[in-house]
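Scroll down for the structure; my scribbles are underneath it.
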Amino acid sequence: NGESLLIVAVRAGSTSVVKQLAQLDPESIDETDNEGWSSLLNAAHAGHVDIVRLLIENGAAVDQPDLMGWSPLMWAVYKNHYDVVDLLLSNKAHVNLIDEEDGLTPLIVASGRGFVQIVERLIEADCQVNACDKFGSTALIWAARKGHLPVVQLLLNSGAEVDAVGMVCFQNGVAPNLFMFQYSSTALMLATRGNYLQVVDLLLTREPNVNVADQNGLTALGMAARDGYADICESLINSGAFVNQCDR
């Protein structure tokens with residue numbers, strides 16, 4: 001796979017060997033295997049915080065991505081390695097780096113996976129709260145879609161746009177190999193679809209447009225009524241949802 005001795009040592013989690021190799025040949029510290037994975041990427045992915053620190057101290061490039069465009073920070077976020085995330089950010093890792101395939105940012109990844117502590121750290125590092133992926137979906141949209149209430153609260157308190165509209169890709173439950181898209185969906189609509197009452201109620205405190213409709217003419221109330229979510233219907237009506245609005 002084109003692995004250097006340093007990469008092998010990193011993957012084995014051998015801090016002492018990594019230290020020796022990094023000091024013997026510092027010029028090779030950013031070498032990658034055939035899949036574009038550097039020593040630092042491997043260490044961040046595995047959560048080896050001491051090795052990450054060693055590599056950075058020996059000059060490793062903190063933002064060097066893999067072939068997908070994912071940086072060490074992105075992988076540390078994805079794997080929920082808070083200590084590694086904190087260390088990388090303290091060493092000026094690019095907090096708003098966008099991956100090449102889907103336009104994801106570290107905040108979008110953390111928000112979609114419900115990693116509250118990491119979301120908080122990224123916000124502290126001045127990340128762009130309203131950045132969106134290539135489908136137009138923000139971190140708030142992803143957090144609401146998954147029902148991650150504490151993350152939604154954090155994002156709203158940090159200036160997330162409550163009425164942002166995205167296009168969310170989701171797996172077709174009937175044909176698992178097919179993917180479908182939910183167009184023109186707000187965080188409120190997606191929280192409604194998931195029957196996440198607490199998230200809906202929290203979003204409603206920010207006075208979103210409750211009557212915005214998706215590409216089928218469905219509002220959040222229409223979705224809740226269709227799926228039998230009576231409590232959400234009540235919350236939406238109490239917040240001004242039009243009870244007679246029709247779909248297309």
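We number each residue from 1, going along the chain as drawn.
Even glycines carry a Cβ here, placed using N, Cα and C.
Residues or ranges marked as repeat 'ANK' by TrEMBL: 35-67, 68-100, 102-134, 135-167, 183-215, 216-248.
Mean pLDDT of the predicted structure over the repeat 'ANK' (216-248): 91.
Note on the repeat 'ANK' (183-215): DSSP counts are 15 helix, 3 strand, 15 coil. With a threshold of 8 Å between CB atoms, the same-chain residues lying at least 6 positions outside the repeat 'ANK' (216-248) that come near it are 186, 188-189, 192-193, 195, 197, 200-201, 204, 207, 210.
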